Amino acid sequence: MTVYFGWLDYIVFGAMLLSSALIGVYFAFFAAKKQNTTAEYLMGGKTMGMFPISMSLIASYISGISLLGLPAEMYTYGTQLWAIVLSEWLVSLTVAAVYLPVFYNLHITSAYEYLRLRFNQKVRLLGSIIFIIKMMLYIPIVIYVPALAFSQVTGINMHMITPIVCIVCIFYTTLGGLKAVVWTDTLQTGLMFLGVVFVLAYGTWRLGGVQQVFRINEEGQRLEFFNMDLDPTIRHTFWTTVFGNYFSWLASCSVNQAMVQRCLALSSLRRARITIFIMAAGIFTIVSLCCYTGLVIYATFASCDPLATGAIRKSDQLLPYFVMSMAGPVPALPGLFMSGVFSAALSSMSTGLNSLCGVIFEDLIRPAYKSPISERAASFIMKIIVVLVGGACAALVFLVEHLGALVQAGKSLAGITAGSLLGMFSMGLFLPWVNSAGAMAGGVASTLLVGWMSLGTQAAMARGQLFLAPKPSSVAGCPANASAPLLAAARTDFDRSATFFLYRLSYLYYTLVGTAVCVATGLLVSWCTTPNDPAMVHRDLLTPVVHRWLPAQHAHCSRPRPAQPAHTTDYCASLDRLHIDPSGDVCTKIIALSFHVLTLRNVGVKLQYSFIDKSVR
């Protein structure tokens, strides 16, 4: 018998949506600092605490794709993908030591401003466009996930649910800016943990304990952690999930606008580094919980596969089906679970919209204006961007349901742009002789190649040319009128047909391939044109890791300057232009800064004089 939401479940779910919306209303109308400036709307005024930023980062990277896709992956293909948690710690160390110090010291709002400082405006524009494409491919999947789950537990058509997700998310993201996004993410992270923990704890208790769960999964051939096969066409091995996923996760964390924007909202580099490690611990925990939930689901349905019996039509519906079948009679538990799934989706979508807003405004709209944009106009433009982008992503949801498994589809599409972005930033940080022509050529070549691989693979799977063989399952324990038990599936991941080799390559290598192609192309083009002189590339643009191996910096090499709005005055930047250390004793008793403009009408030249009266202790 099919079990749907009860009235208490709807109350719990509605309370989550209402709370998220009210947070946006609070920061828009009642907070001490209104979200009506670019600094407040995009950076939270750089006054955010480590705890909410950490929770926001966890919620941003643990979307509904993880909550629904990882259990389905464990159930269908086994536990090898669980090994991705090993690479997440390595990525956190890399980001904290290599990438974050550069972004933080430059005081930039958009991560892609770095590409302008290191190369030129055209490379920055390319990076911004690639990021926009990436998020426009990712956000529709994020929206589709909770709609699919909600349809499963309520019986309501998913295309009626999609606008609800988008409207609520767009509402609080538009009104409250980064602060609303971060604090709703904090609320939603807590709901995610509660939902997952209650479901897996209840399921484990029903089965008789953790040991029983692992015993049933071992009998069903689900436990596999150390497949050491070096064949790159095998979907999941130890090497693809640890080594291949390292580059995929590095691209998501190190050069992602969402990560950079949140880390720069903190008051110091040390606090930003601590936040990254808190995020890593949180992601490690919830990914492991999601993977274990998949084992609980398999142990529950080991003798009666709901996919084989037609109870569900896609593996991504396994977790909602499990919740309603096993926990439906428990008051409010399905509602709590769906609140967690929707929370994961809302947090990822709101983060995507906020970061897209920052990139579109700072990298595309502001440079196009020759005159200053007032703060009120900027705030209005950014809110319009959020509404338009959110609406476009909602429309793209109709294409997502034709893709394969959520985890693979998400990472495959992300790989189209992840490799090129990681390659462009890494060339800028590590290879000072790479010039702008090389960066541009590398980014374009990488995006085109991996885009062809990813879309070609999805098309081949849709045509049936590639077959992802699941682990064996059975319907032997179903009622007598059920179909016969399924035969054991083949142990190979891909059908060894005449399908093109790159289409058979594991999707976890896409980012690695894209990065390698980007760097190789960039080096080649730079060598064929005019390579940069490493002495003329300022050390602030290069990661501290490579400083010791570089030649001495040229005396005439100027320090890079992020673009400042023409109507604002940056006090510290003004001091730095005059070679004064703002933290030194010479500036402890600065009495005044005054700027005078003298217009020479006969030649149409404006001269600006600065007078600083310094009193040294």
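Using the three backbone atoms N, Cα and C, a Cβ is placed for every residue, glycine included.
Bear in mind that TrEMBL entries carry predicted annotations, made automatically and left uncurated.
The transmembrane segment feature in TrEMBL is assigned to 6-29 (among others).
Under the heading transmembrane segment, TrEMBL lists 50-69 (among others).
Under the heading transmembrane segment, TrEMBL lists 81-104 (among others).
Annotated transmembrane segment per TrEMBL: 125-150 (among others), in sequence order.
Sequence-distant contacts of the transmembrane segment (156-175) (same chain, six or more residues past either end, CB-CB distance under 8 Å): 17, 20-21, 23-25, 27-29, 35, 143-144, 146-148, 150, 181, 184, 342, 345-346, 349-350, 353-354, 383, 386-387, 390-391, 393-394, 397-398, 401. Residues annotated as transmembrane segment in TrEMBL: 156-175 (among others).
Here TrEMBL flags 187-205 (among others) as transmembrane segment. Nonlocal intrachain contacts for the transmembrane segment (187-205), taken as residues 6+ away from its ends with a CB within less than 8 angstroms of a stretch CB, comprise 16, 19-20, 23, 55-56, 58-59, 62, 67, 213, 282, 286, 289-290, 292-293, 296-297, 300, 319, 322-323, 326-327, 330, 333, 336-341, 343-344, 346-347.
Long-range Cβ contacts of the transmembrane segment (236-255) within its own chain (Cβ-Cβ under 8 Å, at least 6 residues beyond either end) map to 61, 77-78, 80-84, 86-88, 90-92, 94-95, 98-100, 111, 225-230, 276, 411, 414-415, 418-419, 421-422, 425, 493, 506, 508-512, 515. TrEMBL lists 236-255 (among others) with the feature transmembrane segment.
Taken from TrEMBL, the feature transmembrane segment applies to 276-298 (among others).
Sequence annotations record features per position, and here TrEMBL assigns transmembrane segment to 318-337 (among others). Through the fold, the transmembrane segment (318-337) approaches residues 2-6, 8-13, 67-68, 71-72, 75, 148-149, 152-153, 191, 194-195, 198-199, 202-203, 206, 293-294, 296-297, 300-301, 306-307, 311-312 of its own chain, all at least 6 residues removed from its boundaries and within a Cβ separation under 8 Å.
Taken from TrEMBL, the feature transmembrane segment applies to 381-400 (among others).
Annotation comment: TrEMBL describes 412-431 (among others) as transmembrane segment.
The list of residues near the transmembrane segment (507-527) in space but at least 6 beyond its ends in sequence, with Cβ under 8 angstroms from a Cβ of it, reads 232, 235-236, 240-241, 243-245, 247-248, 250-251, 408, 411-412, 414-416, 418-420, 422-424, 426-427, 431, 433-435, 437-439, 441-443, 445-447, 449-450, 453-454, 457. Residues or ranges marked as transmembrane segment by TrEMBL: 507-527 (among others).
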Would you say the transmembrane segment (381-400) and the transmembrane segment (50-69) are touching, if the rule is that at least three C-beta pairs must lie under 8 angstroms and be 6 or more residues apart? no
If you count Cβ pairs under 8 Å, which stretch among 6-29, 81-104, 125-150, 412-431 touches the transmembrane segment (381-400) the most? 125-150
Under 8 Å for C-beta pairs, could you tell me which stretch among 81-104, 125-150, 412-431 has the largest tally with the transmembrane segment (276-298)? 81-104
